[in-house]
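Copied over from TrEMBL, here are the features:
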- B:73-243: domain 'ABC-2 type transporter transmembrane' (DOMAIN)
- B:38-57: transmembrane segment (TRANSMEM)
- B:69-92: transmembrane segment (TRANSMEM)
- B:113-138: transmembrane segment (TRANSMEM)
- B:144-169: transmembrane segment (TRANSMEM)
- B:176-195: transmembrane segment (TRANSMEM)
- B:231-252: transmembrane segment (TRANSMEM)
Amino acid sequence: MPAVEVIGLRRDIGAVRAVDDASWSAESGAVTAILGPNGAGKTTTMECLEGLQRPTAGSVRVLDTDPWRAPAAHRAKVGVMLQDGGLPVTTTPRRLLHHVARLHAFPGDVSGLIQRLELDRIGGRSIRRLSGGERQRVALAAALVGRPEVAFLDEPTAGLDPHARLEVWDLIRETADASAVVVTTHSFEEAERIADHVVIMHAGKVAAEGSLAEVCDGRPLEERYFALTGGGRR
Amino acid sequence: MTPPTPTSAAGGPATPLQRWLAQARFETATILRHGEQLLVALVLPALALVVLALTDVPDLGSGRRIDVATAGVFALAVVSTAFTGQAIATGFDRRHGVLRFLGASPLGREGLLLGKLGAVGVVIALQLLVLGTIAAVLGWRPAAIGIVPALVTVVLGAAAFLALALFLAGTVRAEGVLALANLVWVLLLGLGVLVPTDELPESLTPVARLLPSGALGDGLRLSLVEGAWPVSQWLVLLVWTALGGAAAARWFRWSD
């Protein structure tokens, strides 16, 4: 059974249909990348999977559980990195990560994660004073500190410098050894480097889904993406 | 740059008690480390206490002035932490997505609320300890038989103001919460918190008695100055708790 299933998902926000009859799945041990233009429905889909939004129609299953109002036992198996970070700005990265770890019975090694993501230098600084890229790394660490079985990472490398991006890619790949990792991204390079499975969304619908090879069909991902979503280089 | 990293899937949540205590501790530490919150929660009430104790204005009515002033300052401390501080902190946490992040974590929404409740309780206890010590130095002598009803009043007042804080924080944008929470704090000073409702202009007295500020201030004065059980004030606070709680449950939005 897939770790993540999106089955005929529809999500209306006011008069706007943000996601329209979307279906795809993600397996454990793999990285699934969701690509699509702004407003394609990527973040809305992620938030339905995280239990933060309730589907208007259709359903989502994460580890065979409906995430909407799921119990703590389910939430402990799921790591979440929100697009806007979700970080309390009046604390420090170190305090935050230790706090998130305390919410889990068997958390990961906070110090190791801090070192791995090069947060030790800024670990005692107020999150309010961190750069966008530094906040991204803190948010990623907070998502992974509970050793999740499924990790939802919304644009995990947005704003990162090239060195940090490579390190984050390595970390995501390692996390996927034992977990299902779903990332949203606007980067073709990122999808090609880390994804086993690709979902391309456009105007709330799934325009393509499959392995990278299946979706690309012998062409560059960028070319396929623009062909499916309209636009591209002139 | 490549030491070990936790990657394998394992584990479950900490126990509910561990999660709530962790959140209460985290929130308490955040409040106590936050300069602006400390200013509103402790520095301004302490200043108010000293000024009221050492001057003759405003008129605080019958009873020893330091006793009446201390009860009012305790009420101010409760309003500062349970309402102003929590409304602003929760409003900005909502803006920054913190509520959504923690709501999706093992803590969940209930744990988040219980953690706030615990933090408010701890901070109010610390406030009463510090302000009570300053008041004692200034000559405060509370009615011993009024301690228990005063504690009940504090708990009911904190519940009412926390419910109203969550309603405000969950329905108005963060900047609006900041402005409104501070404005309300200033207005409530003159509506029964520091000055007994009996001493207010005649037209304001009945209104102030029905406000949570008047009920909390009068309740503490009745308890600590006269040693009475302020049952009618408790009823007013219970009604405000129910109204604020119902409004928050109905209209609170977890994202901005």
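Any Cβ shown, glycine's included, is placed from N, Cα and C.
A quick note: this is a predicted structure, and the numbers were derived from the prediction, not measured.
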I'm a bit unsure how to read this: which one of B:113-138, B:144-169, B:176-195, B:231-252 has the highest number of Cβ pairs shorter than 8 Å with the transmembrane segment (B:69-92)? B:144-169
Spatial neighbours of the transmembrane segment (B:176-195) far in sequence, C-beta under 8 Å, 6+ residues away: 40, 48, 52, 58-60, 69, 72-73, 75-76, 79-80, 83-84, 87-88, 90-92, 165, 168-169, 204, 207-209, 211, 213-218
Stretch in B:113-138, B:144-169, B:231-252 most in contact with the transmembrane segment (B:38-57), if contact is a CB pair under 8 A: B:113-138
Take the transmembrane segment (B:144-169) and find every residue of the same chain, 6 or more past its ends, with a Cβ under 8 Å from one of its Cβ atoms. 71, 74-75, 78-79, 81-84, 86-91, 94, 113, 116-117, 120-121, 124, 128, 177, 180-181, 212, 215-216, 219-220, 222-230, 233-234, 237-238, 240-241, 243-245, 247-248, 251-252
